[in-house]
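Asker: Below is one structure. I have some questions about it.
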Amino acid sequence: MSRHSGCLLVFQLLGLYILYTTATTKGNPWENEYRLSEHVLPELYDLLIYPNLNNGTFSGSVEVTLNVTAPCDYITLHHKGLIIENSVLSEKQGSINLVKNAFDYPQNEFWVVRLTEIINPGIYSLKLDFSGSLTGDIVGFYKSTYKDISGESRNIATTKFEPTYARRAFPCFDEPSFKAKYNVSLVRPSSGNYIALSNMNQVSESANSPGPGLTTVQFATSVPMSTYLVCFIVCDFDHLPPIKSKSGFDVSVYARGDQIQKMEYAQQIAVSTINYYIDYFGIDYSLPKLDLIAIPDFVSGAMENWGLITFRETSILYDPNFSSTSNHLGVTLTTNHELAHMWFGDLVTMKWWDDLWLNEGFATFMACKGSAHNHPDWDMDTVFLIDELIDALALDSTLSSHPIVKHVSHPDQITEIFDRISYAKGASVIRMLEGFMGVENFRQGVMAYLKTFQFKNAETNDLWTHLQEFSVGVNIQHVMDTWTRQMGYPILTVTQAGDTITMTQQRFTTDNNATYDPNESAYKYKWDVPVTYFTSENKNSTLNWLMAEQPSLSIKIGNAQWYKLNWHFMGFYRVKYPLEHWTTLTNVLNNDIKAMDAADRANLLDDVFNLAESGHLDYSVALSLTSFLRKEDHMVVWALAASNLLAIDSHLRLTPTYSNYRRYLRKLITPHFSDSLWSFPPDATFLQKSQQVRMIGLGCRVGVPACLDKAKQLFTDWLQNNGPKPHVEIRNVVYYYGIAESGEDEWDKVWTLYLAESDPQEKVRLRSALCAVKEPWILARLIERAKNEDYVRSQDYFILLSSIASNPVGNGLLWDWVRANWQYLVDRFTLNNRMFGRLLPSVVGTYSTDVKLKEVETFLEQNPDVGAGGAGRKSAVEAIKLNIRWLEKHLPSLTAWLETQ
């Protein structure tokens, strides 16, 4: 190569470098940052906000006291969708405006304030005037509409700020680490019985301010808190008389007038639970009052705004005449979950959303403790297995899962991790942690953590540090990092030689032939496993450790005839016993079902079916174990049995083997049916009622004739013959299967009843039933009607679509509709909506052919924008691939086994 050609190449490379760096690096610093500066710290917000309920707009002003800790020539804060008219920055006691110009940078949801000079560290005041819209999404600051008892439409203004929606209501430093105090002033109409509520108590109000017919309400200065916990509401709701807590603060409840009496239970539970948490955590509640309010339009189940907890109506209203045992449980758990956040999340907040599980995992875990305190007879530890543990195990065995501690940056990523891994797996590993630490040691560690970080922010390692102070012989961080910083969990494979059992570990995946790189995890997909076990000779739990770096663990079991690992289903792992030991355990339970408790029986069922699904065992082993179910009457065992049996039902639905499988299921379930199953005496316990409802639902689901006939009879007696409504416990089943066995006339009557119904829980039952009809053209009509928010609120829209998707008649219809109307969904809900992001798996997750897989992949290629649906897309495709492989792997052997039954 000549010297000239070498120089030419250098210039060419230099030119390419300049082009590349110009294309990939932007010139202004705020263009390359998702996060705000750590050197500009908000200390106090003086916020005035005026919602106009007539025209659906709001306006306001905010003065933020800033502590600037390093020289800077610009300031960024968050906003989205606001019109910001004035930006003034001055020294706290000064009058000179230091702003050169200010502008929107929507890519990062920033408001950028450029300064006339580099300012020195000190205290400054930033003043902004802004306005926005109350209409559109039901996040941020928004309008909710309901009809009062006279049928008149009424408007309220309310908020939902978590995770990144405070910026839609007022310009702010919208990251959880920027805790600040708030002086909130809220404008309400002076007439119409409107009230104003916020996190703190009202201290004054000014009539005819800011104009005639308006009143400005001032609230006390708050404690330091994160932006996502701020809340303000203008509404015309009623309230019940407040109840004093043990610490002397008022607990109040609010709801629309015709529903307020249904808040009495939640108020009683709140007082009971808040008193229990004060004792448990050893730290008093931090605010002067606590309000709970039911919102007609609410995107989540509830939101833990400090001092003013907002709920979806179905999550908090309770009336024994309209609420089933399932509703009773749901209201209790949701209320207690949000109350736990007053400590985990509000008092101590994660530094960044990577550690969301510190909020949600703990609140989920503590909700069961609080509910057990409220209702000792509910057996909440086994309820936890149904509601949390098995969901987490199922999701975390897929390759599309994620670690509990997951790095996120963009708002779409943040909203996406509000999922069952953060909640259910987070709670499950906390339960396991408490199990091996001991209940009191664990509580002492939690108390120390909360006391150290109250009114501050923390990270996961901070929790481990304080738990370590009360742990003997276990390195908490070493153990828990393996559970929180990598996805998945282990399967323990057991071998036996004489009186010694030996176990090894490997990652458990739904398909044991799945390929992955162990090096993608810093822990190589190995875990520090707390191995608990008991035997026929010693029913007490014994703890041993199989550490990540340890090749195996051996245990002596003496003369025991049988043994079981994972006592009480406390561990987040699965166990594969030798084949002959599965036979032994099957015989043990057939001979004496009380040889182990319900949680352990449920654990065996869940393990054996998941081992079969993954290919570690033949399904004949799992189905043979179900023989003990003929004697089984515990809710948790049947819940896990039903979950696994219906998973097979879904796989086989489109195969010739399906009829034999349904026959097997009916044979298994029919002996549990009698007329008494449909009766609910007044003294029936929570567990008894739950088990009855579960068996009725399962029987109708698999087509037990006696079940379907009874449901249709009760439906007809009510709808056609003007008879009494079915018992509240079985309305879901009766409505659903009544519609499924009926036609257009019955559907139209139920539609009319649905539109007229005012009770939120009864409305949910009727709406679910409307999705069960077997006439596709009626379902098509329902899909179109659902676009009208007078018929289906936005909060319920994706629930309705998922219900239609679960109807075999409606699934293909809905899949075609979703593809044809994708842009409508994007425009209405935006890709940032996490409920929208979860739609795809609910529609296509049961598909099991290459043709359908290609359809889905083509659709995703044509619509590449992910938003908050990245995880949903991955799980949808993975589910279809797993379904295809499941049929290839298991259909022949299942067909052969069923033919012998």
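One is the number of the first residue shown, and numbering goes on along the chain from there.
Backbone N, Cα and C atoms are what each Cβ position is placed from, and that goes for glycine too.
Pulled the feature table from TrEMBL, pasting it below:
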type: SIGNAL; residues: 1-23; note: signal peptide
type: DOMAIN; residues: 42-229; note: domain 'Aminopeptidase N-like N-terminal'
type: DOMAIN; residues: 265-483; note: domain 'Peptidase M1 membrane alanine aminopeptidase'
type: BINDING; residues: His337, His341, Glu360; note: Zn(2+) binding site
type: ACT_SITE; residues: Glu338; note: active site, proton acceptor
type: SITE; residues: Tyr423; note: site 'Transition state stabilizer'
type: DOMAIN; residues: 562-881; note: domain 'ERAP1-like C-terminal'
Asker: Report the residues of the chain - excluding His337, His341, Glu360 - with C-beta within 8 Å of the mean position of the site's C-beta atoms, for the recorded Zn(2+) site, in sequence order.
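Answerer: Not counting the recorded site residues, we get Glu304, Glu338, Ala340, Phe344, Gly345, Asn359, Phe362, Ala363, Thr364, Met366, Ala367, Tyr423.
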Asker: What is the interatomic distance between the Cα atoms of His341 (Zn(2+) binding site) and Tyr423 (site 'Transition state stabilizer'), given in whole Å?
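Answerer: Just about 13 Å between their Cα atoms.
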Asker: If you draw a 10 Å sphere around the Cβ of Glu360 (Zn(2+) binding site), how many other Cβ atoms fall inside it, taking every protein chain shown into account?
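Answerer: I get 27 for this one.
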Asker: Taking only the Cα atoms, work out how far Tyr423 (site 'Transition state stabilizer') lies from Glu360 (Zn(2+) binding site), in Å, as a whole number.
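Answerer: Taking the Cα atoms only, Tyr423 (site 'Transition state stabilizer') lies 5 Å from Glu360 (Zn(2+) binding site).
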Asker: Could you give the mean pLDDT over the domain 'ERAP1-like C-terminal' (562-881), rounded to a whole number?
Answerer: 96
Asker: Tell me, how many other CB atoms lie within 10 A of the CB of His341 (Zn(2+) binding site), whichever protein chain they belong to?
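Answerer: Total other Cβ atoms inside 10 Å, all chains included: 25.
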Asker: Tell me the Cβ neighbour count for His337 (Zn(2+) binding site), meaning other Cβ atoms within 10 Å of its Cβ, over all protein chains shown.
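Answerer: His337 (Zn(2+) binding site): 27 neighbouring Cβ atoms within 10 Å.
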Asker: Using a 10 Å cut-off on Cβ-Cβ distances across all protein chains shown, tell me which of the recorded positions (Glu338, Tyr423) has the largest neighbour count.
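Answerer: Selected residue: Glu338.
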Asker: To the nearest whole angstrom, what is the C-alpha distance linking Glu360 (Zn(2+) binding site) and Glu338 (active site, proton acceptor)?
Answerer: 9
